[in-house]
């Protein structure tokens, strides 16, 4: 369908996994199971941290925020994916599509900056242990979290408004939700300015916090190497290894999705990448932090004994 202007588009069609329709029942069961597990795992982490006074520290405050973001982030797209798997091609109104894109960007960008704030917390804890409690006080932690939400709101709002104000020449989105990259295929005429816009936003939302993460870990590793005993080195590294794993997976998949030009776009590959950072990562986060963290495991055992 050729459309002259966006004002004439009342709804979009999400093609989803139409190329593997025979696997829809299996995918539905798998994704629904992952969604339920993710909700349970992240809710459990947030509950355990809030109910245990020993975990009321900056690191676990940020981890609680991460769990909440993961729940919201996943809940933006999973209902649409499940609907697509049940009925095939899904029709979605332009208002719902715009809201989905905004909230996906909002929670995604907020998580990028939150991971950077968490690396900053580990930097001060390891490099300036004597001043850590004064530097990372409650006001600073809340300000950092507020900053992540402000960045998420700004990027989501600006990017969604610009994208949805562009003239469109189609209504079929070859994806399972209103993702940015496949949406570019609907734009009329020269899409280069829109591609640049996506890359600029990605540089701000992904690359800039990632550079802060890299700087923090360069200083952290340098400090750990200079520690006197191997035991001290192992203890210091164990406090940030979980975060490093999460950062590597999240930034790696997100960068491969957004920090590249449109001509390299492949629908099948990008659907897989989207599932990786939007569905798998929110489940991995609580697993990594609980399995590799003695304090969280101890709090879980205490709560289990009480139950």
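From the backbone N, Cα and C atoms, a Cβ is placed for every residue, glycine too.
In TrEMBL, the feature transmembrane segment is placed on 196-215, out of the ranges 176-195, 196-215. Residues 59, 108, 111-112, 115, 118-119, 122, 125-126, 202, 206, 210, 213, 217, 220, 223-224, 227, 273, 276-277, 281, 284-285, 288-289, 292-293 of the same chain, all 6+ positions outside the transmembrane segment (236-254), place their C-beta atoms under 8 angstroms from a C-beta of that stretch. 102-120 is the stretch from 26-48, 102-120, 140-162, 274-291 with the greatest number of Cβ pairs below 8 Å to the transmembrane segment (196-215). With Cβ pairs under 8 Å as the measure, the transmembrane segment (140-162) is packed most heavily against 102-120, out of 26-48, 60-82, 102-120, 274-291.
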